[in-house]
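Sending over a structure as structure tokens; questions will come in a sec.
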Amino acid sequence: MFSFFRRKKKQETPALEEAQIQETAAKAESELAQIVENIKEDAESLAESVKGQVESAVETVSGAVEQVKETVAEMLSEAEEAAEKAAEQVEAAKEAVAETVGEAVGQVQEAVATTEEHKLGWAARLKQGLTKSRDKMAKSLAGVFGGGQIDEDLYEELETVLITSDMGMEATEYLMKDVRDRVSLKGLKDGNELRGALKEALYDLIKPLEKPLVLPETKEPFVIMLAGINGAGKTTSIGKLAKYFQAQGKSVLLAAGDTFRAAAREQLQAWGERNNVTVISQTTGDSAAVCFDAVQAAKARGIDIVLADTAGRLPTQLHLMEEIKKVKRVLQKAMPDAPHEIIVVLDANIGQNAVNQVKAFDDALGLTGLIVTKLDGTAKGGILAALASDRPVPVRYIGVGEGIDDLRPFDARAFVDALLD
């Protein structure tokens with residue numbers, strides 16, 4: 001009986017265990033499925049997260065790349081601009097250096113050309129400048145001063161020399177009479193003694209032309225108006241006068257009144273830069289307006305001297321002569337007593353034509369002085385005698401060279417000595 005019950009229990013145990021196993025297996029399977037599901041969800045979540053991070057990283061990298069591209073492009077653009085500016089600066093520097101070198105070379109050449117003349121002194125430089133005129137007269141007068149008795153033949157020979165030296169008929173007649181009187185008064189007999197008589201006669205004739213320009217002590221600008229024909233050396237004389245007045249401690253202002261020639265303005269600007277002097281100019285407008293502005297500027301700045309350039313003109317060009325009269329009138333409006341000095345610049349090479357020019361400009365403007373230039377380039381040094389006889393306007397300055405210091409006040413004694421010694 002008991003064994004029956006025991007056997008029955010043994011039979012029930014495997015079934016129970018199997019159910020438990022199945023239940024455990026099912027539970028494990030469920031848990032495993034849940035784990036797999038969780039893993040799958042985690043994997044998907046991780047994948048999404050990684051994808052987002054990757055996309056974000058890609059976007060960040062792309063943005064960085066674009067930024068780098070933009071930065072590089074900006075840097076390249078700036079580099080190109082800098083290169084262009086550098087190239088422009090290099091070209092400008094080249095031009096500036098070339099200009100500076102050119103000016104320096106010009107100054108050195110001029111300095112070399114004039115160094116010996118400066119060493120000689122003005123009297124010797126004047127004599128050197130009048131070499132052509134002196135040599136011509138010396139050859140012509142060799143027979144006159146070479147000895148022999150003073151007679152009518154000798155006088156006729158002397159008269160011919162004076163006429164061919166551009167002294168003109170009036171001056172020649174005056175000199176011949178004066179020489180005859182001296183010969184008679186002193187009892188001269190020999191041709192060698194005529195030189196001294198001629199020198200004194202010529203000196204007495206041209207001495208009245210020796211009236212140096214005296215600048216008044218005033219607070220107002222002293223206005224000097226310059227006129228003349230083209231090529232006489234007007235603009236160059238203005239540049240030299242500026243240097244001359246500066247050496248006397250005067251402040252100078254230049255008026256580029258030659259509005260017909262652009263080259264004249266440029267030339268005057270160059271002289272202004274060379275002397276560190278202000279130049280008043282206009283690309284348009286007339287000469288009178290430029291000169292008026294220059295005087296106004298000089299008064300405002302306390303300048304001592306105004307040098308007013310005007311356009312070159314022939315006395316026969318009546319409309320241009322009327323224009324230069326207008327310049328004078330406008331200057332008088334700028335300052336009631338201006339221009340204080342009206343100077344005509346004469347080229348000594350034109351000989352007797354200089355007398356006609358002086359007459360025409362004097363009649364039109366009322367000249368106060370003359371500048372005779374280029375005496376070193378002509379054999380017509382006798383022109384001063386003709387001027388003294390026909391129209392004795394004071395010769396303020398004479399020029400005997402290209403150097404900036406080769407324009408000096410006229411000295412009658414030095415001139416005669418340089419011409420006849």
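Note: Cβ is positioned from N, Cα and C throughout, glycine not excepted.
Quick paste from Swiss-Prot:
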BINDING   228-235, 309-313, 373-376  GTP binding site
Which one, from the binding-site residues Lys234, Arg313, has the smallest tally of other C-beta atoms lying within 10 Å of its C-beta?
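Output over binding-site residues Lys234, Arg313: least Cβ neighbours within 10 Å is Arg313.
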Tell me which residues of the chain lie with their Cβ under 8 angstroms from that of Thr310 (GTP binding site), as long as they are six or more apart in sequence?
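Long-range Cβ contacts: Met225, Leu226, Ala227, Lys234, Gly257, Asp258, Ser287, Cys291, Ile324, Val327.
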Can you tell me the three-state DSSP label for Lys234 (GTP binding site)?
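It is helical.
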Near Gly228 (GTP binding site), which residues of its own chain have a C-beta under 8 A away, given they sit six or more steps off in sequence?
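Within the chain, Gly228 (GTP binding site) has Cβ neighbours under 8 Å at Lys234, Gly312, Val344, Val345, Leu346, Gln357, Phe361.
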Going by DSSP, is Gly228 (GTP binding site) part of a helix, a strand, or coil?
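It is coil.
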